[in-house]
Amino acid sequence: MSSPTKRATARATSPRSPGRFGGRVGSVGLLAAVAVGVATAIRVLYNAPFEPVAFPPRLVPAVGTVAALASGVALAAVGLSTERPVVRVGLLFAGVFGVLATVSGAATVAAAVAIPVGAALAFARAMGPPETYFELRRGVIALTFALAVGLSLAATAGLVGSPFRAAGSAAFLAGVTLLAVRAEGDPVALGAGALAFAGVVAASAAAPYVTGSALLAGFAVVGSPHLLVATAAFGGVAAAVSGFRGGDARLAIGAVLLLLAGVPATPGAATAVCLGAALAVLDADEFFGKADGPDEPNATEVNTR
């Protein structure tokens, strides 16, 4: 079995990932991450309980809409980049309905079904039936994000009760926590994750009200203990640092996008989470691959992490 560093290098140097930012797909993800990051920062600052920043009243919804549209368009563009029909249709379905629901509230209920179903279909087809423990755990991570999207959007759309909103929040945080396995064998990345964990715990202990307000306003965290948020910070930061150190741009960008997007309680956040999960969890050959799918004999396996 190859080392995690070699596996990460193999993933990063795949012919489907040229360039410093992971090729066109990585660049699209980076642009979406910037838009989502700006929107999240403005929401947190605008809703700060003490001396909030005096932004123009229309700025917060405006940047939120731009970020949501950017995420939906980016997800659809990534879907168009793959040669696998089922993966393409699933991601296009999620991206297009994310954009439609952002533009018109009439599409909210349809998006609550289309986005998680499309993402789950794309993830399941891209990875295929798991044959090893490593494939199984990556499949669990990817489908955990799809589950979080489904629960959160269904609750937001009024299809299910408020307990499902909290369940979606917990599922999302659990998925980000599990990203720590992508940093396996990288002590520096795991150390960075540990620092992020300690930072969230310290902030929660020192100013629980301010921390809770920031988590709600900026990241839509509802009904989840701050300790689970801390473990999510650990997993997300560890994966991002590992991707950066190993030259795996898609892993780094995907993990950062998941950290910035927060709980997928809106169509825009949901498409950002789906995009981040696709970048952070799927390998290039799984994602782009041949049109015959990963379960065919001539499909190539690159990463086992």
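Please read every residue number as a count from 1 along the shown chain.
For all residues, glycine too, the Cβ spot is worked out from N, Cα and C.
TrEMBL lists 1-16 with the feature compositional bias 'Polar residues'.
The annotation region 'Disordered' is assigned in TrEMBL to 1-20.
Annotated transmembrane segment per TrEMBL: 21-46 (among others), in sequence order.
Annotated domain 'DUF8068' per TrEMBL: 28-280, in sequence order.
Using a Cβ-Cβ cut-off under 8 Å and counting only residues 6 or more beyond its ends in the same chain, the transmembrane segment (58-78) has close neighbours at 25, 28-29, 31-32, 35-36, 38-40, 42-43, 46, 91-92, 94-96, 98-99, 102-103, 261, 266-269, 271-272, 274-275, 278-279. Per TrEMBL, transmembrane segment is recorded for 58-78 (among others).
What TrEMBL lists as transmembrane segment is 109-128 (among others). Counting residues 6+ beyond its ends, the transmembrane segment (109-128) has Cβ neighbours under 8 Å at 79, 82, 84, 86-94, 97-98, 100-101, 135, 138-139, 142-143, 145-147, 149-150, 153-154, 156-157, 159, 267, 270-271, 274, 277-278, 281-282, 286-287, 289, 293-295, 299 in the same chain.
Feature annotation from TrEMBL assigns transmembrane segment to 140-158 (among others).
For the transmembrane segment (188-210), same-chain residues at least 6 beyond its ends with a Cβ under 8 Å from one of its own Cβ atoms are 48-50, 180, 226-227, 229-231, 233-239, 241-242, 245. If you look up TrEMBL, you'll see 188-210 (among others) marked as transmembrane segment.
Cβ atoms under 8 Å from those of the transmembrane segment (216-241) belong to residues 40-41, 43-44, 46-47, 152, 165-166, 169-170, 172-174, 176-180, 182-183, 186, 188-190, 192-201, 204, 208, 251-252, 254-256, 258-259, 262-263, 265-266, 269, 280 of the same chain, restricted to positions at least 6 beyond its ends. The annotation transmembrane segment is assigned in TrEMBL to 216-241 (among others).
Residues or ranges marked as transmembrane segment in TrEMBL: 253-282 (among others).
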